[in-house]
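Trainee: According to TrEMBL:
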- 91-113: transmembrane segment (TRANSMEM)
- 133-159: transmembrane segment (TRANSMEM)
- 171-189: transmembrane segment (TRANSMEM)
- 216-239: transmembrane segment (TRANSMEM)
- 260-285: transmembrane segment (TRANSMEM)
- 297-316: transmembrane segment (TRANSMEM)
Amino acid sequence: MEWEAEMGTVEATNLGVWLNNFGQDKKRTVTYHLTKEEGPPHNPRFTYRQQSLLENTMNIPIASILRGLGGKCVLDWALVFFQRKHICRSFLGVFSVSLAVVDTLLTLSVTAVHLQAEGHLLGLKLTRYHVCLLVQILGEVYSALQWPVVIVAGLDHFFSVTRRWQASSRLSLFGSGLLWILSALYVFLLSDFRPIMEEVFHIQIHQCWVFHTSQILHIATSLLLILGCVALHAGRLTLKHPPLKDQTTDQSRAHSRRSFVLQTLHIFLNTWALLLVILAVLLLLPVGIPAYLGLNGAWLCFLNSLLIAVVLCAVCPASQLGQGGGAVPPDSFCEWRFTLSPPSEDRARSHR
C-alpha cells in the first residue's frame, strides 16, 4: 500500500512506523492536503479521481464526531440490552455485540487522544491527526463490512427457517471476528483507501474530513426490490383460471402461499414503515451518511427484520411452521405470528 505525499511517494511497509511519524512532519503526513480557504491543492498530480474522491467527503467538527460516536455507543448497548434474551442465537445478534464493543473502543480512544491533544501509546506519538485517521479507517472498515454481513446473515436466516443447519454461538462469534479481520485487511492491503487531512499543525485541527456512505440505501433498496418481486410472484400464482379437479392441491398451496406472503409483508411494514419513509427521503435528497455512523445497532435490527421477511417470502414455510418443522429467527421488533388456514379450508376456497 502506498501513501502519496507532497514530497513524493511514501510506502507504508511498516504501519507502526508510519503511524508514529504521522503528524510530526507535515510534508509526509497525508495523502491529499486540504486547507479551509483554498480547498483542493492546485498541482498537476491532483487528478480527476482525487477530485471525485473529495466530493464523497464531508468536513465535520471533532466535537460533533465525538457526540455522534457517543450517541451511537449508547444506542448500540441499549439495543444489545433490549435483545439480551436471544441475542446470541443468531449471527446478527453476535455481530451486534461485537459492533458495540468496537464502537466503544473507538469512542474512548478518539476522546482520549482529542482531550490530551498529544500523547504516547506503545511507542506511538498520538495527536489529533490520529483522531481523524482512526475515524476514516473505521469508517472504511464499516463500509467494507456491509455486504458481507448481509450475505452471512441471510444464509444464517435461511438455514434457520429451513431447519437445515443451526449455527452455534461460538461459530457466530468466530464468523464475526473473521469478518472484522478480513475487512480490516481489505482496507489496508487491497482497497484504494487514502486518508485525507488538512495541512495544519495538529494542535490547530478542530475538524475532520470523513467519507460518507450510501451502502445502506443500496442494500435496503436491493432487498426491498427482492421482497417485492417475491410478493408479486406469489400473487400472480393465484390469478390463474379456476383449476381442474386434479389441480386442486396445487391451487390450494398457491392460496396458502399468497396468504403467508401477505401476512409477512403486513407484519414487516407495520413495524418498519416509518424507517422506510426516512430511507426514501434520504434516497431522494442529496444527504450523505458519515461512514463511521453507517453501521449501527438500529440498522442491524432493521436489516434483521428485512432479511427474515425476504427469507420467509422466498421459502414460504407455511406448512412447516404449522407442523412445527420450521423456525423463525429471533426478532425483538417484529412479532412473526401467522394465521395458517387448514388444508380443508384451502380446498374449499379453491373450489369457489
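Heads up, the Cβ atoms here are built off N, Cα and C, so glycines get one too.
Where the annotation comes from TrEMBL, it is an automatic prediction and has not been curated.
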Trainee: Given the cut-off of 8 Å on Cβ pairs that are 6 or more apart in sequence, determine whether the transmembrane segment (297-316) and the transmembrane segment (91-113) share at least 3 such pairs.
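Mentor: Contact confirmed: at least 3 Cβ pairs fall under 8 Å.
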Trainee: Let me spell it out: take the transmembrane segment (171-189), skip the flanking residues so only those 6+ beyond its ends count, and list any with a Cβ under 8 Å from a Cβ in it.
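Mentor: Distal contacts: 1, 15, 88, 90-91, 93-95, 98, 102, 137, 140-141, 144-145, 148-149, 152, 156.
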